[in-house]
C-alpha cells in the first residue's frame, strides 16, 4: 500500500491506498504501536534472490514469492543458499535438453533460479574443490520433492555422461520408476507421494563422469500396506498388478479388480485421473530389465505382491472371545499358500495361534479374532518390508561400479516437518529428523555468513540465531524421550500410559520445550523449531517394538519358493537398522557400508533393537555423511492443499517457509548486512547523485565520499575489499534519493518539452482554423448554387417521369388484352383437336381387340386337337413296349447281344494294338528327332518329358487292356458254365455291360487325348524343323555373304600390300640413287660434309608429318555408346602399319649410323685438308634443298596413308578412344613432340650456318679460280696423280661396300615383308578355318567361341604392341642422346669457324636474327605418379600441409587440383586399383587431419574448401550433367573416360557435410563464450542501461573471470572467420551458409539467455540489443552478405528487443505486439512479458490482465475461435452432472468469456 497522509508521532490510524485502488484506515496496536513493515521499491519486487530485498521480513518475502509465482509464473526463487521451489501442479516446459545446455557451465547467479542451477553448482564445486557434494531436497508431501530430485539426477546424467558403455546414467534414472512404484502412493495431498526417504549417492570418476550410484532409504510407511485413509491408495505397484491381471504371464497370480482386495479398496479411490496403471506397469518392468532384474525375479516379486493381496482377504471367524478359526479350504488363504509355496495347514494354524515360551515349558495359545487380524496385517507389512529391502539391494547391485569412485554427489529426498490433527510415532521420527537437518542447515548458513565477512575484512559481531540443540537433547539425550520409550518397551507390562507418566515425571517443568496438554494424560507437546506439535502416546510402544510372530516367519522360511526363503534367511543375522520398522515405516541403511564384525552372541541382541534406536543410528550416519560434504538446499513449497495450478495460499506458504528454515535464513541475513554491492555496480547505479567534481579515478574512494554525504550513520554500511555492505533498508533509501533526483530532472525536461509542444500546437491550430473557414465559406456558396440547379432539374425530371409512367401503363394494358385473347382462342382449338384425336384412337383399339379375341379362339381349338393325337399315340407306344419286353426276356436275345459284345471287344483290342504300334513309331520318330536336333531343341526337353509321361500312361493303358482280355476270357468261361442259370446271367450281364461301357468310354477318351497329343507334337516338331531350316538357311546365306565380303576385303588388302611393297621398292631405289649422288662426286680432294643436318632434317620431316596430322583423329566424332563388333581387318591394317613404321625407323637409324661413321671419317680428313670452297657450300645447299623436297614428299605420302587408314577403318575402332589406334597415336605424338624441339634446334643451327656462310663467302670467291689452277698444276705431277687414283679407288671400294650393305638391308626388308605376307596368309587361312568351325556350332556356342578367340588374339596383339612400344621408346631415347651429341659437335664447329672470322668482318656484316615461332604445348592436365609415391603424396598434400602456408604463398584449392590431376592420370592409365587406392587414401587422410586438428577453425575451413573443390572437379569431369552442361569443348576433352566415380562423389559429399558440421561446431565453441557477454551483458551504449540493485550472491565464483567480451570481440572474430574462409577460396554460397549459421547461433543463444534471465528483460537492455544487432547488420553490408539470409535469422531477437521497448498497456498495444512479433511463439512472448523488470522508477511492470489479453489474441486466432468454442461447450456439457468437477475447474468460465469475446470480434457468422 501507499501512505496518503504523513505519519506523525502519536497517530493511531494510518491512511493507506492499496494496490487495487481501495483506501483503507489501518489502526495501530495501542500497546506496541508498531507500524506496518515497509515495502521494498518496485524495482526490487519479483527479485530472483530474497536476500536481495532491501527490507527483509515475512510480508516482503511472501509478497515477492507471490509475485513471481502468480504474476510471472516462476516457480524457483533463491533465498541465500536455499532454492525455494513452489509446486505449480502443472507440467512446465522448462526441463528440456536445451534448458540443460543453457545452464551447463554457467555461474549460479548468472541465470534465473532453477534446480539445474543448483545441480550445476554442485557439479562444478565437486570438480573444482574435489569435495563431495549433497543436495538436500525437503518439503511436505505433495510439495514436489521427488520431482526435484529426479530432475537433479537427470541433469547429472545429461551433463556428465557415462564413463563406460553400460549407460550408468540410464540405470540411475531407471531406478526412479521402480522406487516410485514400490514406495509411492496417492494421498489426499499428492497423487504421487513418496512414503519413504532416500539418499542417492551418484559416483563419479576422476574425469567426473558417472560410474555408478548407491541408494539408502529411510522410514518406509509399512502401515499403508494394510490400511489407507479415505481418498488415498496403497502403493502403486498393487494397482499396476491388478490393471495388468489379464496378461498371460499373470494368469497364475489369480488377480482381479483392485476393488476385490481388502488392501487396495479401503481408500475408495483406486484410480488416479490421467494415470494408466497398465502402462505404468510396462514402464516398471522395463526399468527392472534395464537394472538387471531378470524375468524370473520379476515374476517372483509379482508373485509375493499378489500373495500379500490375497493374504489381506483372509477372513477369521470367532469361536469365543479368546479364539478364532479360518474356514476350511478358505480360497484366499489357499491362493496365498500356493503362491508362497507353504503348507496350508501350518499357515492357517499359526495365523490363529501363537507360541508362549516360559523357563520350563512352551505353550500354544489361541488368539482372538482382533489379534489374528493384527497378526495377519503385521505379517503382510513384514513381507512387504523385506521385499522392499531386497529390491533396493538389487538396484544398488545394478548401480554398483567396479571402477574406483573418485567423488560423489548425494541427493537427499526426505520428508519435511509434519503436523496433523493426530500425530503419532511416525510424525515424531520425521520431526526429529528435521530437527537434526535444521541444526545442520543453521550452522552452514552461519558459517557462510562468517566466511563472507572475513573474506571482505569487515568487522562483525556474533549473529544470534536459533539453536535447536535443546530440542534434540530432549529427544535423543540420556533419559530423553527415545531412551524412556526403549526402557518402557523392555518392561514386561509396559504400556503407553505408564510411558506418558514417566515423560511427565522426567521432563515436565524441567524442560521449557516439553509441555503437557491440559485435557489429556496420554499426550505430550514438543516445541519444535517450526511449531508446537502435540503427540498422542497411544501406539508408540507397539510401533517401536514392531512385533511379528516368530512361528509365521518360520513357516515362510520353510517355503519351497526360493525367492521368499531368500528374503528371510539372513533375518537373524541382520545388523542393519532397516531390519525392523515402525508400524508405519521401514528404515534402510546404506548397503555399501559394512558393519563391524559382530561378537558372539551379539546377533540376537542387535535383532532386538527397537525402531527408535535404529532410526537414531541411521540419522547419525546420514548426518555424518552430510557434514562430510558441501550441502546445497532445495526447499519445496506446496502452494495450496487442493492441487490447483498456480494458486497461492499465503498462510500455508508461511507455515512451510518457517518449517523449512527459509525465514530463518532471511532473519540471519537481515541481522547483518544483507545488501551487497561491488564498487563498480554502486558507481554505475548512483552516478546520477554525484557531481562532476566528485568523480575520481579511484572508484572506491568516490563511493566512500558519496556514502559519507548521503548516509550519516556509519553503522548502516561497511566498506569491504571488493564490496559495500548495507544494513536492511539502506538500499531502499538510496533508491528513493536517486528516484527523487531523476524525478526533478524529468519534470524539468517535461516542462520544457510540453511548452514547446503547446506552442507548436497553438500555431498549427490557428493556421488550421483560418484554412477551415476559407474552405467552409466557399463550400456553402457552392452548395447554394448546386441547390438551385437541382431544383430546376427536378421539375423537368418529374414532368418526363409522369408522362413515362402513364404511357407505360397504357402499353401494359393493351399487351395484356392481346395476350388474353390469344390464350383463349388457343385453348378452344386445342380442346377440339383433343376430342377428334380420342375418337380416332378408340376405333383403332376396337379393331385390335376384336382381332385378338378371334386368334384366342383359334389357338384353343388347335391345342385340343393336338392333345387328342398325343393320347392316341401314347396308347399305341405302350402296346409296342409290351411286345419288346417279352422278346427281351428270351435267352436267344442275350446270346445275340453277347456275340455283338465280343465282336466289339475284339475290335477294341485290335484298335489298342494299332495304337500301340503307332506309339512305337512315334517313339522312334522322337528318338530320331532328338538325335538330329539335340543342340537346337534344348527348349523342347520339357515337352519330350511330357511325351514320355504319356508313353508310360499308354503302357499302363495296354496293361489294363491285357487285364481286360484276361477278364473277358474268364467271363466267356463263366458264360458257358452259367447259361443254365438265367437270373445270375442277367445280373452278371447287366453289371458286365455297365463296366464295359465305362471302360469303352474311358478308352475312347484316352484314345482321343492321345491322338490330340500326337497331332500337337507332330505339328510342333514340324514347325520347329521348319523354323530351324529357315533360320539355318538365312544364317548360311548371311555367313556366305559375309565370307565373300571378307574375302574381297582380304584381296583388296593384299593388293594394297603389293602396291605398298612396290612403292617401298621404288622409294628404296630413289634413296639408293640419292646415296650414289652423295657419294659419287667426280672432283678430287672433295671433303664429305657432316650428315647431321640431313639426318636431323629427315627426322624433322617425319615428326612434322605426324604433328600435322595428330589433331586429325581428335576432330572425329566421339564413339557411340553401343559397342560395335571388332573389325579384324582394321587390326591387321594397324599391325601392318606399325611394322612399316618400325621398318622406316630402322632404316633411318641405319642411315643415321652410316652418317655418323662417315662424319667420323670425314672429320679426320678435315683436319688435313684445306677449308671448303664456295662451290662445295653451294653443293651442300643444293643437297639440303633436295633433302627438304624429299621430306615434303614423304610427308605427303604419310598424310595420304593416314587418310586411307581413316577411310578404310570403321569409325568405332579408329575413333580416338580405340585401343589400337590410341597406341599408334601415342607413339606418333611422343615422337612428334620430341622432333618439334629438334626442328627448332636445326632451324637455329641452319640460320647460324647461313649467316656464317654469308660472312665467309666474299673471302672464298676471290680465291676459287686460283685454287682450281693450282690444283691442275699440282695434278701434273705423276706421283700426285697416282695418289689421287689410289684415293679414288679406295673411295669406290668404300661406296661398293656401302651399296652391298644397303642391298643386304634391302634383301632383309624384302624377306621380312615376304614373311609378313606369308604370316598374313596363314592368319587368313586360320581365320577361315575358325569361321568354318564356328558355322558348325550352335549360335550360342558360336558367339562364345568367337568372343574367346577374339579375346586371346587381342591379348597377344596388345602384348606385341606393348613390346614394340617399349623398343620404340628406347630408340627415341637413343636418338635424343645422339641429337644432343650432334648439337654439341655443331656448336664446337661454329666456335671454330667464328675464331677464323675477324671481328671487323662480323661488325661489317651483322647477323640478321631469324624469328622462329614456337609451337604452344598442349597440356593434358594430368600429374603422373607411381603407386609407391601415393603415401608421400598423401603425406605432403594432406597430413603435413599447413593451411596458412597455402593461403599465403600458393593458390587456393591447390591440394584439390593436384589430387584431381592424379585421378585423371590414373583414369588415363585405366587403372581402377590406383584410382580406388588414391581416393580412399585421400578421404582417410582428410578424416585423420580433421580428427587430429578438428578444433582449429583454419584447418577445418581449409579442408572444407578443398573437399568441395575436389568434389566439384569430379562432378564437372566425371559425368554430372548439371556441371557438364556448362563445360567448354576443351573441358569436355579432359573428362574422365574410363571410370564413373558416382559412389566416391557421394562419399566425398557426405564427408563435406561432416566437415561443414564440424566447422559449425568449432565456430559455435569459439563464439559461445562471447555471445552472452557481448550481446547482452556488455554496455555498448554507455549510460543507457542503469545497473539494477543486484543482491544476487555470486556464491561460488565457479569459473575464474577470463575477461569480459564485448561486441567488438564478436565482430573481430567474425572478421577472422570471414577472412580465413576467403583466403582458402571457399565457395561464396558456402560462406553465406556458414555466416547464416553463425548469425543463427548468435541470435538463438542470445534469445535463450534473454528468456532465462530476468535481469536482462528491461527497456534499456532492449535498446542495447537493437544497437548490437544493427552493428551486426552493418558488418553484413560491409562484407556484401546481406542476401545470405543471415539477417532473417536475427528476426526473433530483434522482435524480442522491440517487445521490451514497446508500450504495454492498452488493447491497441496488445494488437500491435501481436502483429509485430510474428517470429516469436506465444510462449516466448508471454515469457518476455512475465520477465519484464523495470530498472527505474519510471518504468512500469506489465499487468497480468495485459499478458492474458496477449495470450488470448495469440491463441484464439480467427481460424480456431470456432473450434475452441465447441471445445469449451463440450466440457461444460460433460460437467453438467458433476458439480465438484466444475468447481475444481472454475477457470473454464473465464476462458469461456474470453472465447465469446474473441468470437464476437473475429467471426461474422
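First residue shown is number 1, and so on along the chain.
Using N, Cα and C of the backbone, Cβ positions are placed for all residues, glycine too.
Remember, TrEMBL labels are computer predictions, not curated facts.
Residues or ranges marked as domain 'Myosin motor' by TrEMBL: 45-739. Across all of the domain 'Myosin motor' (45-739), the predicted model scores a mean pLDDT of 83.
Annotated ATP binding site per TrEMBL: 139, 140, 141, 142, 143, 144, 145, 146, in sequence order.
What TrEMBL records for 575-610 (among others) is region 'Disordered'.
According to TrEMBL, the feature compositional bias 'Polar residues' maps to 576-589 (among others).
Residues annotated as region 'Actin-binding' in TrEMBL: 619-641. If you look at the region 'Actin-binding' (619-641), the same-chain residues 6 or more away from its ends with a CB under 8 A from one of its CBs are 65, 69, 79, 81-89, 115, 118, 121-122, 125, 129, 131-140, 142-145, 148, 152, 189, 199, 216, 218, 410, 412, 416, 432-433, 436-437, 440-441, 444, 589-590, 593, 647-649, 652-653, 656-657, 660-662.
If you look up TrEMBL, you'll see 891-1074 (among others) marked as coiled coil.
What TrEMBL lists as region 'Disordered' is 1081-1123 (among others).
Per TrEMBL, compositional bias 'Polar residues' is recorded for 1092-1106 (among others).
Under the heading compositional bias 'Basic and acidic residues', TrEMBL lists 1112-1123 (among others).
As annotated by TrEMBL, region 'Disordered' applies to 1145-1179 (among others).
The compositional bias 'Basic and acidic residues' annotation in TrEMBL covers 1145-1171 (among others).
Sequence annotations record features per position, and here TrEMBL assigns coiled coil to 1296-1385 (among others).
What TrEMBL records for 1480-1757 is domain 'Dilute'.
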| Within 10 Å of the Cβ of residue 143 (ATP binding site), how many other Cβ atoms are there? | 26
| Of all the binding-site residues here, 139, 142, which one's CB has the most other CB atoms within 10 A? | 139
| task | Using a 10 angstroms cut-off on Cβ to Cβ distances, just flag whichever of 141, 146 is the loneliest among these binding-site residues. | result | 141
| field | Cβ neighbours within the same chain of residue 145 (ATP binding site) - under 8 Å, at least six residues apart | value | 137, 138, 139, 194, 413, 414, 415, 416, 636
| task | Could you give me the DSSP helix, strand and coil counts for the region 'Actin-binding' (619-641)? | result | 9 helix, 8 strand, 6 coil
| Under 8 Å by Cβ from residue 144 (ATP binding site), counting only residues of that chain that are 6 or more apart | 85, 87, 636, 638
| field | Packing count at residue 140 (ATP binding site) (other Cβ atoms within 10 Å of its Cβ) | value | 25
| remark: Same-chain neighbours of the ATP site, Cβ within 8 Å of the mean position of the Cβ atoms of 139, 140, 141, 142, 143, 144, 145, 146 and not counting those residues, run in sequence order as 87, 190, 193, 194, 416, 636, 638
